[in-house]
Amino acid sequence: MSRIVVLGSCSIDYVVETDRQPQTGETIEGIEFKKYFGGKGANQAVAAKRFGGDVAFVGAVGKDDAGTQILTNFKKEGIQTNFVQQVDGATGAAVITIMNGDNSIIYVPGANHQFDIADFSKVFEGAKIVLLQLELPTEIIIQALTYCEENGITTILDPAPSDLFSAEMFEKANYITPNEMEFTEIAKKLHTTEKELLMENPQKIIISKGAQGVSYVDNGKQINIPAEKVEAVDSTGAGDTFTGVFAAMLAEESFEQAVKWAVKASAISVKSKGAQKGMPTRMVLK
């Protein structure tokens, strides 16, 4: 079994469902409040593990109840936590508003921004694929990408939040999985058009388009993989499901097959509330 290492964030998601967003200074009544496990890194680790990956998570939690709960959840999912640091301060948190199945998120990094690595060779030992996002300090992400590039380890970078993305990250990563908004921002940062960027980087950029599926370029042609039509309840973890499953399947299948599996899994994930709760296993999709 190929080892997948996820270097990323973990947090507790505080989710409010509402039928509309309040105006400035306005108080409105919400529909429902829930608390879930989250963080892009943690979500992607769970998605990869449920699809059969041998997954290790690398990151940080606080020395608080939330941190303990996250570690317990990782162990329940079968995810290795040898390199999860417990640091002073609060565990990361996200406040998520869901309206008509779509979400908006405010993220507070907390312990995630206190994370540090002294020796990448230990953390990435035996890894075939490393998954990264931008919710950890950017210098660590660049160092990790550099180490993987020098040691022949495949990297998948989720460029969120996109304002932290850089040209150096783009050059070093093997695969990038932005959503449409993030892809627009990346093209601006790289001083090119979206079309040129996509066409010049075949099988490198995979754009998530929500209910429309994903797009990438292969052999000079744009390939669109449509998503299964489902009734969306909560799209919070859809992108993370795609990236995690893509990593798990890329470790053993072709690029094209990995993308198709990931699109299927992502569509299924929006049928349940909570980023991780709706993530399917491979058996569900067979």
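Each Cβ is built from the backbone N, Cα and C atoms, and glycine gets one as well.
Caution: TrEMBL annotation is automatic and unverified by curators.
Record features (TrEMBL):
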type	residues	note
ACT_SITE	ASP240	active site, proton acceptor
BINDING	SER11, ILE12, ASP13, GLY39, LYS40, GLY41, ALA42, ASN43, GLU135, ASP240	substrate binding site
BINDING	ASN179, SER208, LYS209, GLY210, ALA211, GLN212, GLY213, GLY239, ASP240	ATP binding site
BINDING	ASP234, THR236, SER269, SER272, GLY274	K(+) binding site
DOMAIN	1-282	domain 'Carbohydrate kinase PfkB'
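Locations of recorded TrEMBL features on the structure.
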residue	record	contacts (Cβ under 8 Å, 6+ apart)
SER11	substrate binding site	GLY38, GLY39, ALA42, ILE70, THR91, GLY92, ALA93, ALA94, TYR107, VAL108, GLY110, ASN112
ASP13	substrate binding site	LYS35, TYR36, PHE37, GLY38, ALA93, ALA94, ILE96, THR236, GLY274, ALA275
GLU135	substrate binding site	GLY8, SER9, GLY39, LYS40, GLY41, GLY92, TYR107, PRO109, ASN112, ALA160, PRO161
ASN179	ATP binding site	ALA160, ILE207, SER208, LYS209, GLY210, GLY239
GLY213	ATP binding site	ASN224, ILE225, PRO226, ALA227, VAL263
ASP240	active site, proton acceptor	LYS40, ASN43, GLN44, ALA47, ASP158, ALA275
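In this structure, the binding-site residues ALA42, ALA211 were compared by how many other Cβ atoms lie within 10 Å of their Cβ, and the smallest count belongs to ALA211. A Cβ within 8 Å of the Cβ centre of SER11, ILE12, ASP13, GLY39, LYS40, GLY41, ALA42, ASN43, GLU135, ASP240, the residues given for substrate, is found for these other residues of the same chain: GLY8, SER9, CYS10, PHE37, GLY38, GLY92, ALA94, ALA275. With every protein chain in view, the residue among the binding-site residues THR236, SER269, SER272 whose Cβ has the most Cβ partners within 10 Å turns out to be SER269.
GLY213 (ATP binding site) carries neither a helix nor a strand DSSP state and counts as coil. Highest Cβ count within 10 Å among the binding-site residues LYS40, LYS209: LYS40.
In the three-state DSSP reading, SER272 (K(+) binding site) counts as coil.
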